[in-house]
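Feature annotation from Swiss-Prot assigns active site, proton acceptor to Y157. The NADP(+) binding site annotation in Swiss-Prot covers G14, S15, T16, R17, T39, N65, L66, N92, Y157, S158, T159, T160, K161, I190. If you look up Swiss-Prot, you'll see S144 marked as substrate binding site.
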Amino acid sequence: MEIKLQGKVSLVTGSTRGIGRAIAEKLASAGSTVIITGTSGERAKAVAEEIANKYGVKAHGVEMNLLSEESINKAFEEIYNLVDGIDILVNNAGITRDKLFLRMSLLDWEEVLKVNLTGTFLVTQNSLRKMIKQRWGRIVNISSVVGFTGNVGQVNYSTTKAGLIGFTKSLAKELAPRNVLVNAVAPGFIETDMTAVLSEEIKQKYKEQIPLGRFGSPEEVANVVLFLCSELASYITGEVIHVNGGMF
């Protein structure tokens, strides 16, 4: 069954590269208008133009820095001048500040929580108006395998990714009466520019932990997000789908 999202408007945070861009492209390929966000407005607009040309859909680029509530509010002013509302929200944007716990500063802790959790909270609140009014919406939060397993040097990041699961399950219960579905996707090791800088020795070490014996691709994550945003997933809410090659 072909998934069609014509007439829908999708906001994907942190979508100028990596998994976020793959998700935005996948939604655009199904006919959705997409809103690209990133800390560089110029880069976001360039990516939006590339996607619009490639898929023949409307695409808009907007600067949004989740460290700043002011930036988020300004971004939504711009967004609501471009579209009448959001039908699909993918909370993908996130940062890391990796350090061993005893060396982690309060700033390392606070910035990761501010972007990955508080930023998600603010973006979601700003996106709900149309979904609730029309009694249809999709929210997909991008968590991580480390939200379930933990990881050395990532106490801050792992905490936020675990927190997104509680956020997802609680919000799903609140919004279900309005037919707004809220789910999460938890990727494992995915080939991105973050993994590209790792040595072959380190990559091999990680691959040995994965039953499928390889890293995933951003598109494999995007495929799951597309499914959750479609009518094929109309009876799924409050769930987490793991895309990790069988790690657990």
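Please read every residue number as a count from 1 along the shown chain.
Including glycine, each Cβ sits where the backbone N, Cα and C put it.
Sequence features, as recorded in Swiss-Prot, placed on the structure.
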{"residue": "G14", "record": "NADP(+) binding site", "Cβ contacts under 8 Å, 6 or more apart": "G20, T37, G38, N92, A93, G94"}
{"residue": "T16", "record": "NADP(+) binding site", "Cβ contacts under 8 Å, 6 or more apart": "I36, T37, G38, S40, R43, A44, V47"}
{"residue": "T39", "record": "NADP(+) binding site", "Cβ contacts under 8 Å, 6 or more apart": "E63, M64, N65"}
{"residue": "L66", "record": "NADP(+) binding site", "Cβ contacts under 8 Å, 6 or more apart": "T13, I72, A93, K114, V115, T118, G119, T120, L122, V123"}
{"residue": "S144", "record": "substrate binding site", "Cβ contacts under 8 Å, 6 or more apart": "Y157, S158, K161, A186, P187"}
{"residue": "T159", "record": "NADP(+) binding site", "Cβ contacts under 8 Å, 6 or more apart": "V112, L113"}
(message) Return the count of C-beta atoms lying within 10 angstroms of the C-beta of the residue listed as 'active site, proton acceptor', excluding that atom itself.
(response) 23
(request) Starting from the Cβ of K161 (NADP(+) binding site), draw a 10 Å sphere and report how many other Cβ atoms land inside it. (result) 27
